[in-house]
Each structure stands twice: as structure tokens, then as C-alpha cells.
């Protein structure tokens, strides 16, 4: 019998496929390996199934997006967990997550964790050092990013109400509190929680596998923590598109290929002067643009040597 469904779990070469309320254990045909393809959690598939025997995946549907770490496809939205402390909050890292998700066409949501620990802070905030130790700092960040168009949450209850009917992944810096949050809102996941290493200031990776869980009328999955974020934005137009507020304003720039760095009549730089764009966002745009240019220059030098 041929059926259609979605992979909800992958383990040791076996794939659990949900179809019409039933879950079937399947394996992939060998021809996928020959084609360099591999089914992943989230894939919509066509599979065969016989009574009292495992099924076989016959066809993988086209993916609207996918992640490599972990291997997961067809994601609607992602919750970026950013902690206030241990690890310390970073606007630069937040913007890098946002660039990553915008480029993947995954709707981002921001959840700020460990706000309760701010009361234990004795030092004040220092904008020059980019430290944020007061609740008012995060209220301002929430307001700033909501003006851009992002959803920002301080509590799990409001976050959960946005999960219905969606496939959602949870991601963030290692130790930011992803597992703690997921165990709070979906205790059936029973994820292992790792403490943050005091010596390195980084968390141990505690997420070992990927599996969809039903929650609030949607499907959710955890992802491993990231010590660093690898993104696939390799050119200025893609980077421009990954900053929604810059993309909107850039249409008014005098030059079509404006990089928003040195060109005259740049609408983005004018908006920056008028405080219509966050300085931190613009600085992070410039930093990533510089990294893209450096990577391209390095590649060109290697190619010339080889050629």
C-alpha cells in the first residue's frame, strides 16, 4: 500500500513517518544513497507499507528549507533563545541568528531567558562594552526588535500560544536555556540539561537527537547548541535581504548596487543618522559584510594560485 506522510523521527537508519494519525516505521531505499540524498525529519515522503512489516520510503518531496545541524526540513519558524547571563547576551550573535534564519526563509522569534537572574547583578549596564544587566535594557531591546517586525518574548506562556499549526525549532547559543525552556513547556521530551562550563564560559552540548513532539497544536524540535554559527550568506544582496529594515530602505538608495558603506545619497546611512535604523544592527551588517568580502578575496587568491 502506498501512503504519504511526514517523517517525525530518525534513528539509526529507521524513519518514523506519520500519516493520517498513524506512525509507521520505515527505511530508505538504497537508490537515495546513490543519488546523494537522505531523508530527514520534517520531510514529506511517499512510502510503501505492508501489514506486520516495515515500510520503505519511495520518494522525498521538495523541501522549502532545511538545516544541517540537525538534519531537519520544512521548518515554519524558529525560536532563538538568548540568555541575559551565562552566556552573556550578545546583539551580534542575535543578529547572526536572524541573518541565518532570514536567508533560510524561516520565520524567527526571539525568546530572552534568565531574566530572573538580573536581580542578582550588582554592576550597571555599560553600552560601550555592550553589556546589558538591567531589565530596562531588555525592555528596550524588545521594543527595538519588535519595531523591525520580530516577535520577542519574555515568558513561556506567550511563546507557546504562537506554536499552533506550525513546525518550530528551538535554537540558540549553548547554555542559553533551550533545554530548560523545552522541559518546562514540553516535559514529555525529557531532555538532558547540561550546566555551563565556568572555565570556558560555554555550555556543554546536551542535545543528542532530533525528534518532533506535539505541543499546543504544533510540532516542535530542539537543536544542538551553537558555539559558533555557520551561515550560507555569501554575497551582499543576500545579506541586504537578511536585514528587513535595511532592505526596505535600500530601495531609496541612489545606486542600485549600494553597499551602504561609502556611497553618496545612501538612504540607509541617512536613516542611520536619523535613528531610523539601530546603530548596533548597522554595525553588525558591516561586520558580516566585511567577513563576506574577506572570504571572497581569500577564495580568489587561492584560485589564482591554483590557476
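Note: Cβ is positioned from N, Cα and C throughout, glycine not excepted.
Feature annotation from Swiss-Prot assigns GTP binding site to 113, 114, 115, 116, 172, 173, 174, 175, 176, 177, 178, 179, 180; the stated evidence is sequence analysis. Cβ-based neighbour count (10 Å, all protein chains) for residue 178 (GTP binding site) stands at 29.
The Zn(2+) binding site annotation in Swiss-Prot covers 253, 258, 260, 266. Sequence-distant contacts (6 or more apart, same chain, Cβ under 8 Å) of residue 266 (Zn(2+) binding site) comprise 253, 254, 255, 258, 260.
Taking the domain 'CP-type G' (64-229) as a whole, pLDDT averages 82 in the prediction. Residues or ranges marked as domain 'CP-type G' by Swiss-Prot on the basis of sequence analysis: 64-229.
Put plainly, the binding-site residues 115, 176 were compared by Cβ crowding within 10 Å, and the winner is 176.
Neighbour density for residue 174 (GTP binding site): within 10 A of its CB lie 21 other CB atoms from the protein chains shown.
Reduced to three states, the DSSP call for residue 178 (GTP binding site) is helix. DSSP classifies residue 172 (GTP binding site) as strand under the three-state reduction. Counting only same-chain residues at least 6 apart in sequence, those with a Cβ under 8 Å from the Cβ of residue 113 (GTP binding site) are 81, 82, 83, 84, 176, 177, 180, 181.
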